[in-house]
């Protein structure tokens, strides 16, 4: 049974027949961009253009946008999505593990300097980073999320919104002075590759009990990770409000699922 037949048998949205073509087109577009920024002058010009936006945009807004690519922030957003689409759990886990292996491996291998090391004048918003520039981890995470949605939904609008969201996060990494354009493009490649590899994994049908249990466990992991994280003290409150607002939302959604499971069990017990 292929993935489309499996999705249909489980009463879940099937992937449309043009999905692969759209994905290949996206990869070809990224390949063209990558070839373009191999020219150091083009790479620098694009950095100057997007980084110049930081002089006119509110710092807190830029940090909120770029934080949407953070593993914890986007992890909580993904958790909220899994409440509605728990069959994607295995794909999300596998894609995340692949990303956690590939991104640090590439960063350590290339050990590319950040813009702050090379350029004397630039706009930096948030924490100043100096090394491990290539590829962009935030961008990889954002495109992993977008790629997972790309393969999970048949609606073109959802696919376009997901890619637009990831692109915004990627561009924000240049605006805040954390990455070069080539870092962002390769981060997008890595994220989409992880999503593509995971898309070949089977969908998982969970009982209400196991669904609530797994989601609650993942929520606890994200909360513990968040409590252990450090922040740029100058911009800590907007990010904290964003993350804990999302964490609270995820908790409410999971609790609602648990409540539904509990009501079903009570009804079955009453019928018995």
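Including glycine, each Cβ sits where the backbone N, Cα and C put it.
TrEMBL entries are annotated by machine, without manual review.
What you see is a predicted model, and the numbers here were worked out from it, not measured in a lab.
Counting same-chain residues at least six beyond the ends of the transmembrane segment (21-41), those with a Cβ under 8 angstroms from any Cβ of the stretch are 147, 150-151, 159, 163, 180-182, 185-186, 188-189, 192, 196. Taken from TrEMBL, the feature transmembrane segment applies to 21-41 (among others).
Annotation source TrEMBL lists transmembrane segment at 61-83 (among others). Below 8 angstroms of C-beta separation, residues 54, 89, 92, 125-126, 136-139, 141-142, 145, 148-149, 165, 168-170, 172-173, 175-176, 178, 215, 218-219, 222, 225-226, 229, 232, 235, 238-239, 242-243, 246-247, 249-250, 253-254, 257 of the same chain, each at least six residues beyond the ends of the transmembrane segment (61-83), sit close to that stretch.
Residues or ranges marked as transmembrane segment in TrEMBL: 88-106 (among others).
The domain 'Phosphatidic acid phosphatase type 2/haloperoxidase' feature in TrEMBL is assigned to 88-199.
Sequence annotations record features per position, and here TrEMBL assigns transmembrane segment to 136-153 (among others).
Sequence-distant contacts of the transmembrane segment (160-178) (same chain, six or more residues past either end, CB-CB distance under 8 Å): 26, 46-47, 50-51, 53-54, 57, 62-63, 65-66, 68-69, 114-116, 122-126, 129, 136, 138-139, 142-143, 145-147, 149-150, 184-185, 187-188, 191. Feature annotation from TrEMBL assigns transmembrane segment to 160-178 (among others).
Within its own chain, the transmembrane segment (184-201) has Cβ neighbours under 8 Å at 3, 23, 26-27, 30, 33-34, 37, 90-92, 94-96, 98-99, 102-103, 106, 134-148, 150-151, 166-167, 170-171, 173-174, counting only residues six or more beyond its boundaries. Annotated transmembrane segment per TrEMBL: 184-201 (among others), in sequence order.
The feature transmembrane segment is assigned by TrEMBL to 208-224 (among others). Away from its own ends, the transmembrane segment (208-224) comes close to residues 72, 75-76, 79, 82-83, 86, 89, 247, 250-251, 254, 257-258, 260-261, 264 of its chain (Cβ-Cβ under 8 Å, at least six residues beyond either end).
Under the heading transmembrane segment, TrEMBL lists 236-255 (among others).
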* Take the transmembrane segment (88-106) and find every residue of the same chain, 6 or more past its ends, with a Cβ under 8 Å from one of its Cβ atoms. => 78, 81-82, 134-135, 137, 140-141, 144, 147-148, 151-152, 186-187, 190-191, 193-195, 197-199, 201-204, 206, 214
* What counts of helix, strand and coil residues does DSSP assign across the domain 'Phosphatidic acid phosphatase type 2/haloperoxidase' (88-199)? -> 81 helix, 0 strand, 31 coil
* Looking only at the domain 'Phosphatidic acid phosphatase type 2/haloperoxidase' (88-199), report the model's average pLDDT. => 95
